[in-house]
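Participant: Not my notes, these are from Swiss-Prot:
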type	residues	note
BINDING	2	Ni(2+) binding site
BINDING	73, 76, 89, 92	Zn(2+) binding site
């Protein structure tokens with residue numbers, strides 16, 4: 001299950017941002033997850049809930065925004081937002097398309113709290 005290694009890297013990235021901003025804890029982690037990223041949202045949530053317990057993210061809520069697939073057709077030049085996992089142009093049925101968005105997982109925002117000293 002590669003979601004564990006993905007969450008491990010995500011938490012490491014969160015810890016780096018917290019350290020750079022002198023934060024005591026992270027309370028919210030917002031990510032954008034593309035439908036073609038190969039990551040299963042429910043498994044990612046489970047892995048996050050497990051790994052966060054021993055980190056600065058232990059009180060954090062993970063918010064996952066699913067990013068639909070966005071393609072550009074090389075034949076008719078139409079840009080399409082697709083909810084299904086296909087690279088066929090819905091306008092002209094061409095397979096000559098290029099993926100513009102929906103393949104990545106990105107850390108979008110962190111909510112952090114400072115020390116109260």
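Positions of Cβ are set from backbone N, Cα and C atoms, glycine also.
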Participant: Among the binding-site residues 73, 76, which residue has the largest number of other Cβ atoms within 10 Å of its own Cβ?
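Facilitator: That would be 73, with the most Cβ atoms nearby.
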Participant: Counting only residues 6+ away in sequence within the same chain, which have a CB under 8 Å from the CB of residue 89 (Zn(2+) binding site)?
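Facilitator: Counting only residues 6 or more apart in sequence, the Cβ neighbours of residue 89 (Zn(2+) binding site) under 8 Å are 71, 73, 75, 76, 78, 80, 95, 96, 97.
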Participant: About how far apart, in whole Å, are the alpha carbons (Cα) of residue 92 (Zn(2+) binding site) and residue 2 (Ni(2+) binding site)?
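Facilitator: That comes out at 36 Å between the alpha carbons.
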Participant: Only counting partners 6 or more residues apart, tell me which same-chain residues put their Cβ under 8 Å from the Cβ of residue 2 (Ni(2+) binding site).
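Facilitator: Non-local contacts for residue 2 (Ni(2+) binding site): 38, 39.
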Participant: Neighbour count, 10 Å Cβ-Cβ cut-off, for residue 92 (Zn(2+) binding site): what number do you get?
Facilitator: 13
